[in-house]
Each structure stands twice: as C-alpha cells, then as structure tokens.
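**Student:** Below are the features listed in Swiss-Prot for this protein:
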- His61, His63, Asp153, Asp306: Zn(2+) 1 binding site (BINDING)
- His63, Leu64, Arg65, Asn95, Asn279, His310, Phe324, Gly325: substrate binding site (BINDING)
- Asp153, His180, His233: Zn(2+) 2 binding site (BINDING)
- Asp306: active site (ACT_SITE)
Amino acid sequence: MGVWLKNGMSFNKDGELMRTHIKIEHGTIAAILYEQPLEANEEDVIDVGGRLIVPGLIDLHVHLREPGGEAKETIETGTLAAAKGGFTTVAAMPNTNPAPDRKEQMEWLQARIRETARVNVLPYAAITIGQKGEELTDFAALKEAGAFAFTDDGVGVQSAGMMFEAMKQAAALDMAIVAHCEDDTLTNGGAVHDGEFARRYGLRGIPSVCEAVHIARDVLLAEAAGCHYHVCHISTKESVRVVRDAKRAGIRVTAEVTPHHLLLCDEDIPGLDANYKMNPPLRSREDRDALIEGLLDGTIDFIATDHAPHTAAEKAKGIEAAPFGIVGLETAFPLLYTHFVKTGVFTLKQLVDWLTIKPAQCFGLKAGRLAVGAPADIAVIDLETEEAIDPETFASKGKNTPFAGWVCQGWPVMTFVGGTLVWEKGRA
C-alpha cells in the first residue's frame, strides 16, 4: 500500500521549491507529485503541514565512541541524535578502543551497527594499526569487511612515505583516504588557535600553518598516487587556497567544513570555556570568512559536523586539559539555516545540497536525493518555529556545545530511514 507524505515543500529537479506529495513504499520513494492534488485513503497519509521535505541529511564525520568510549556516546545514542537532527546517514570515525584496524574488528562493528543503529552508519577503517602511524592496516581485508574509507582521524599521518603507500593502496581498491591534517612538529602543544585569544590568556596556540602544510604535502602525494583524497574539517584561509589550487590542477581532492568553523572564530570564545575547544580550533575572523567563500565557490564540497561527544567531567577540566571536540548532530541544520539562510548568505537550496547530495556525490553514495527509486531516507523540517538550543534535551550523551541558548529556526520534526519513521518530535 505505502504511505504518502502530504502537503510538504521540496525542491524539484530544477531547484524550484514546490508543494509536494511523496509516496513511500517498500523502503523507497515510489512517487512524487508536484503542485497536484492528492487522492489517497486518509489512513495512508501523513500530512506534514507545509513543512520542508528534504533528502535525509548526510554527515560524513561523526564520532560514535563505541567501542571503548561508551561513557561519552554509543552507536545507539549517537544515531538517535543523528535522527533527531534530520541525519539518515553518518560515517563513524575509527578513533575508538580498539580501532577498526583489522577485519575481525570491522566485522564486530558492522554487527553492532545492525543491532543498535537508528540510521545508516558507514564505518571508517583506520589507515594505520591503532592509529599510531607505524604500520598500515590490511586495506583489502577491511574493504571486504565493509569499510567505507580509510582515515586516522584525530591524528595526522606524519610520515609522507606511509601516507603515499596508503594512497597507492587505496587507489588500487577505488577507496578514499580521509585526512585529519596536522603536522605534529608545528602544533606547539596548543589548545586554541595561535591568535589574539591565546595571547590574551597566555595559552599555547596551534598555528594555521600546521594544517595547511600537511594538506599541501598530501595533495601532491594524492596526485602522484591517483587517489581520492578528502580533507577533514578545513579551518584556515591557507588551507582553502591549497585545496583551491589543487582542484584547479585537476587533483582529485575534496574537502569538508564544520558548522562551528563557519559560525565562530576565536574572538567569540567567552573566557576559558572548554566547550569552545575543538581540533582544529576556532580560527581568526579572516579564516572564517575564507571558509564561507570557499564553500560558496565550490572549493569546499560539503558540510560535516565532526560530532565529538565528551562527558561533563572531562570538559570541566578547563580549556587546556579538557579533550578537544563538541557535539553537532542535533544543532547543525537549525544553526546554519538561522544564521546563513535567514540572513541571505546561503540559499536554502545550497544548504540542503551541502548536507545531502554533495557529500553523496563526493563518495558515490545512493542517498542524498528525492527521486523515484531512491532510498526513502527523508527528513521533514519546520522552518518557522523558534526554539532555544538546550543541551539537556539532547539525545546524545554529550552535552558539550558552545551554542547553548542560541535561538534557532529550522528544526527537524520527522526522520525516515528506508521508509521507516525512526524519530518524530514529541514522541518518545
């Protein structure tokens, strides 16, 4: 029989926002009607009341912490947070304990995902054993076990020779290398950006060059290896310039940016609050402006949250001792919609694309589009209601956000994965 989502608004193939009815059947989108009346039995209809219907959002950079970090997050709680944020596909980073660095561990992780995940989870495999940068993992075995791509996110692969070999192996398997870009000899042991905030409080700063020089090295290695190379959480104007030049040279490089690096700079940190501590750190206003420009001109391909939950006790240690990272799955769309679409910096279509079809295209995913035959991974979003961000209402175990109290519009109200309603606002 199927179910109709009635009276929504969505973008057609020409990018026009139109009144829409969508039929879900057998886990896929069976029909789409634009600007037409709907004749269907009442029991087979969900009236979404004029709200926005978009492809389920895609986040290719999240930390679900399981195994080993279950006090911070689990696959179940993290994917419930994803569903609450309108995300139907997330890619899980491998900095867990143990890391998915061998076939058996990847198989365990896949089984755990099947048992507990609320949304689609794409597991990354580690580039090196234990993410220690000393010995490459067995790429072929990990791909066979279901690895999505390879990364040592959380640390940069310091050896150029090891990264080059990793890229050659990944290219032979038609897999991507996804990189946290940071030259450890240049990080200075810092906790924040090497800028005015660091100087004001006498803190050691992380210079911009430690990221940009790593990207510059890697894009040349990727060119030589013929590998798809993806830059995680780009944060500096120099990095944007390197990626832009690499793309112009025809190198197969893609890049992501986080909501927090688009929204904040180090000038916005209110004292020594560890909820503003992440890696890469909040950079200068010039850097933030370059990130926005890079996203708009296509240098940066899409947005990813780098959702990184920690316990309250960990974040209470202070800005120097606390771990890096903030949560982002439940706040990404409302923050970006309110502060960029409502202000005219981005169009609604651009924002939706950067969170759906753009990451899907970069990594060859079937998700990210509303089309007949596509997976029925769908989010319904209320663009009108204003609500303040309240960490105590988060589904994530992590409450570590710098955005508490920010008033936003653009809140997801329903999320479907494979045609199944996995989260609805107001329902337990």
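Backbone N, Cα and C define each Cβ position, glycine as well.
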**Student:** Give me the sequence-ordered set of same-chain residues, not including His61, His63, Asp153, Asp306, with a C-beta within 8 angstroms of the centroid of the Zn(2+) 1 site's C-beta atoms.
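**Tutor:** Leaving out the recorded residues gives Val62, Met93, Gly154, Cys232, His233, Ala304, Thr305, His307, Ala308.
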**Student:** Distance between Asp153 (Zn(2+) 1 binding site) and His180 (Zn(2+) 2 binding site) at the Cα atoms, whole Å?
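**Tutor:** Counting only the Cα atoms, the answer is 5 Å.
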**Student:** Can you tell me the CA-to-CA distance separating Leu64 (substrate binding site) and His180 (Zn(2+) 2 binding site), as a whole number of Å?
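**Tutor:** Rounded to the nearest whole number, the Cα-Cα distance is 17 Å.
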**Student:** Among the binding-site residues Asp153, Asp306, point out the residue whose Cβ has the most other Cβ atoms within 10 Å, with all shown protein chains included in the count.
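**Tutor:** The largest 10 Å Cβ neighbour count belongs to Asp306.
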**Student:** Spatially speaking, which of the binding-site residues His180, His233, Asp306 is closest to Arg65 (substrate binding site)? Use C-alpha to C-alpha, please.
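**Tutor:** Nearest in space to Arg65 (substrate binding site), counting only the binding-site residues, is Asp306.
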**Student:** Out of His61, His63, His233, give those binding-site residues positioned within 10 angstroms of Asn279 (substrate binding site), comparing C-alpha atoms, in sequence order.
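**Tutor:** Hits: His233.
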**Student:** Measure from the Cβ of Arg65 (substrate binding site) and count the other Cβ atoms within 10 Å, all protein chains considered.
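**Tutor:** Result for Arg65 (substrate binding site): 26 other Cβ atoms within 10 Å.
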**Student:** For His61 (Zn(2+) 1 binding site) and His310 (substrate binding site), determine the Cα separation and express it in whole Å.
**Tutor:** 16
**Student:** In sequence order, what residues of the same chain, 6+ apart, have a Cβ less than 8 Å from the Cβ of Asn95 (substrate binding site)?
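**Tutor:** Once residues fewer than 6 apart are set aside, Asn95 (substrate binding site) is near His63, Gln131, Asp152, Asp153, Gly154, Val155.
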**Student:** For Asp306 (Zn(2+) 1 binding site), which of these binding-site residues sit within 10 Å, Cα to Cα: His180, His233, Phe324?
**Tutor:** His233
**Student:** Within 8 Å of the Cβ centroid of the Zn(2+) 2 site residues Asp153, His180, His233, which other residues of the same chain have their Cβ?
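**Tutor:** Close Cβ neighbours, site residues excluded: His61, Met93, Thr151, Gly154, Val178, Ala179, Cys181, Cys232, Asn279, Asp306.
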**Student:** Name the residues of the same chain, 6+ apart in sequence, whose Cβ is under 8 Å from the Cβ of His233 (Zn(2+) 2 binding site)?
**Tutor:** His61, His180, Glu256, Val257, Thr258, His261, Pro280, Ala304, Asp306
